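First the structure, in the form of structure tokens, and then the observations on it.
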Amino acid sequence: MRKPTALIILDGFGLREETYGNAVAQAKKPNFDGYWNKFPHTTLTACGEAVGLPEGQMGNSEVGHLNIGAGRIVYQSLTRVNVAIREGEFDKNETFQSAIKSVKEKGTALHLFGLLSDGGVHSHMNHMFALLRLAAKEGVEKVYIHAFLDGRDVGPKTAQSYIDATNEVIKETGVGQFATISGRYYSMDRDKRWDRVEKCYRAMVNGEGPTYKSAEECVEDSYANGIYDEFVLPSVIVNEDNTPVATINDDDAVIFYNFRPDRAIQIARVFTNGDFREFDRGEKVPHIPEFVCMTHFSETVDGYVAFKPMNLDNTLGEVVAQAGLKQLRIAETEKYPHVTFFFSGGREAEFPGEERILINSPKVATYDLKPEMSIYEVTDALVNEIENDKHDVIILNFANCDMVGHSGMMEPTIKAVEATDECLGKVVEAILAKDGVALITADHGNADEELTSEGEPMTAHTTNPVPFIVTKNDVELREDGILGDIAPTMLTLLGVEQPKEMTGKTIIK
């Protein structure tokens, strides 16, 4: 009989004393509360400098899983780009310079696209502002902005403030015009809903879609129709004669300034894959010789990379594999990349002895319509694996508290927490029945703050601490831990030596 050591990541499950707007506190969760009271527990910092982000910056799923899997603080792309801008290296970046040189020589246009907000999860508008300033400095005349509106990592009706900030930089530099506006629901899909991506692509390339004289008018009209930032239909900004301000054409260059890959891959593939077949792009398929991605998005995206990956050697998965142990990664679609690619330090391939189980997320418009998502199917599949003695190490993600938490709606999020608690109980009992040990934690907060103090929906992540429980009574845990300390703690429990690259410290005293 194998005695599994399981890491259970309750995505978006933060801890906060105040109960107002707190779905985690208001939900009935007898299993979690029981384990918290019965077993050694502490809290971990999952935001800011503790996870390689700027101070005060909320954590997110990519950052959380990278830090947990690496067993160290992983300095995030946001921080890397900020430092490059501060130290003057950004303007010297070879990929940016190559794209600029190309459009200047050919007399073509430079298109900047990405998420327009200061959320810092997928992008930061300051990086786009740095690109506008660089284009102005280098004398690029035709610079067009394809803005993806956020409303998810920031407030649901904040787009106007970001458009205003962009207009200030356009005024300051003398370059840049808004060309298209799209809610991230369309432009940043990651779940193969290609019909959404197609609407965005057609606006950018063909000028198809609702038309407006300005970005402000687009947002105002959407709000008047009850459509907020995340869901704004891909729209085209037009000149006085109703022709598009710009479309993307042959020999233009693109700089896609999102730094987080998962929601950038699909739209990037449409522009970079010669054999793209997910939808018919039509007669006009622009040849973009210089398509620059801020970071490495995927092997499936044929673009240049401005900030190349940092190698993360000896992540938890690799160390476990080298020790000859069998490991399982399991999640539903929305969090599958996180327990695989991100948890393995940006590695797509499996390690020896690693098995993966993907359970499809339900096909619904938004997850508040189905707060349980596919958690029962994930749980059934995992309990079956545990009962069959197949794995020494298990990495599990329950997506609900994060994915439903993004709705900013209390009732569905409470249901999500309660479904998570029910399934947590089933998984932990199966592990304890095998004389195994579970480590229960989260990658960041979300469901712990669903309402602002004004009673408005709070759709973003939080900076609250996350739980850490070890279902083993003969250990004592220290305080002041961080996500990067979880892997060393698991290795301690497994009796596997911690490699020097893993600079986190075990939480077991």
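Note that the numbers count up from 1, one per residue, in the order the chain is shown.
The backbone N, Cα and C atoms fix where each Cβ goes, and this holds for glycine too.
For reference, Swiss-Prot has these:
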type     : residues                                                                       : note
BINDING  : ASP11, SER61, ASP443, HIS444                                                   : Mn(2+) 2 binding site
MOD_RES  : TYR35                                                                          : phosphotyrosine
ACT_SITE : SER61                                                                          : active site, phosphoserine intermediate
BINDING  : HIS122, ARG152, ASP153, ARG184, ARG190, ARG260, PRO261, ASP262, ARG263, LYS335 : substrate binding site
BINDING  : ASP402, HIS406, HIS461                                                         : Mn(2+) 1 binding site
Binding-site residues: ASP11, ASP153, ASP402, ASP443 - member with fewest neighbouring CB atoms within 10 Å: ASP153
Around the Cβ of ARG190 (substrate binding site), the count of other Cβ atoms that are within 10 Å: 16
Pairwise Cα distance for HIS122 (substrate binding site)/ASP11 (Mn(2+) 2 binding site) [Å, integer]: 17
Three-state secondary structure, which DSSP defines for HIS461 (Mn(2+) 1 binding site): coil
Distance from HIS461 (Mn(2+) 1 binding site) back to HIS444 (Mn(2+) 2 binding site), taken between C-alpha atoms, in Å: 7
Residues that sit under 8 angstroms from SER61 (Mn(2+) 2 binding site) by C-beta distance, when 6+ apart in the chain: ASP11, GLY12, LYS335, HIS338, PHE342, ASP402, ASP443, HIS444
Spatial neighbours of HIS406 (Mn(2+) 1 binding site), counting only the recorded positions TYR35, ASP153, ARG190, PRO261, ARG263 and Cα distances within 10 Å: ASP153
From TYR35, ARG190, PRO261, ARG263, the recorded positions whose CA lies within 10 Å of that of HIS461 (Mn(2+) 1 binding site): none
Rounded Cα-Cα span from TYR35 (phosphotyrosine) to PRO261 (substrate binding site), Å: 35
